[in-house]
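A.B. asks: Sharing the record's features from TrEMBL:
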type	residues	note
DOMAIN	32-143	domain 'PurM-like N-terminal'
DOMAIN	155-302	domain 'PurM-like C-terminal'
Amino acid sequence: MADGAGGKASRRLVEGTIVPLLGDAWKGTLADSAVLDIGPGRLAMTTDAFVVRPLRFPGGSIGELAVNGTVNDLAMAGAGPVALVAALVIEEGTAVETVEAELRALGEAAGRAGVPVVGGDTKVVEHGKGDGLYVSTTGLGRVLEGVALGPDRVREGDRVLLSGPIGDHGITILLARGEVDLEADLRSDSRPVWPLVRPLLEEDPGAVRWLRDPTRGGVASALNELARDRGLAVVLEEAAIPVREPVRGACELLGLDPLHVANEGQFLAVVAPGAADRLLDRLRSIPGGEGAAIVGTLREGPARAVLAETPYGGTRIVDLLEGDPLPRIC
């Protein structure tokens, strides 16, 4: 508990462990606030808390996820990351090696995302009052010039573009917990998506109307939110939605819809119909975007609904998720 009390032990933790393990990503001063000179332009800010269980899983960990999740939220505003601050809540008794590994993962992920870590905080809670480690991050980004995104810009006839296969993260976490008797060769899709988003916005900023990363609640929640905000229908072509076979098989066995399963390295974009094929080709030309697809269209009705046209000629309603069958996936 002394490590979180603000005294000598806290200082040793910060200066002797946290800062060195963040590596080159650390650009802070250990003062109460970071003062940034980031120049002109519009700014985006986002904050998120990460409580994923287990802390480490195939394809990622809580430290990496904390960076990627935050910079991805900035990307959905058309903003490249400028600065990040991170707060750790550590349960008393958590292995030092566990905390060190996650600090290292956070620093490495920040380096890959090109965002400096400029500040943070650490608290320690009593044994049994936490679950090992929680991480909270706040990110600041600069919005690209000429970019304007939001449901108000979406029009009937616009196309829905998906950056790649869905469901990898949620099913990976479920299997990593060992709570179901299933095995599959899967990894979380956790990654920063700004390297995919930025070229689309630079290619034709006016053609990209809306962006969203389908995390908790999956594609279904993101598109239902859009349909209700805009008053239009989103009609998906189910056969066009990329889903890996291990994810599809696990969902069938567990009674889950891949459209409801969380993702941590994909995004949805609503784009102007005349630019859809060109933007899809551009996305597929970028490493990591090869699996992108056009998966749907905005239509006038039925208003505020998401529908999926099945391969068998039918149509089903894709509603919001009921309950939380996959808790603590991020």
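Any Cβ shown, glycine's included, is placed from N, Cα and C.
Computed from a predicted structure; not experimentally measured.
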A.B. asks: When the pLDDT values for the domain 'PurM-like C-terminal' (155-302) are averaged, what is the result?
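C.D. replies: Mean pLDDT across the domain 'PurM-like C-terminal' (155-302) comes out at 96.
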A.B. asks: Pull the DSSP breakdown for the domain 'PurM-like N-terminal' (32-143) and write it out as helix, strand, coil residue counts.
C.D. replies: 32 helix, 45 strand, 35 coil
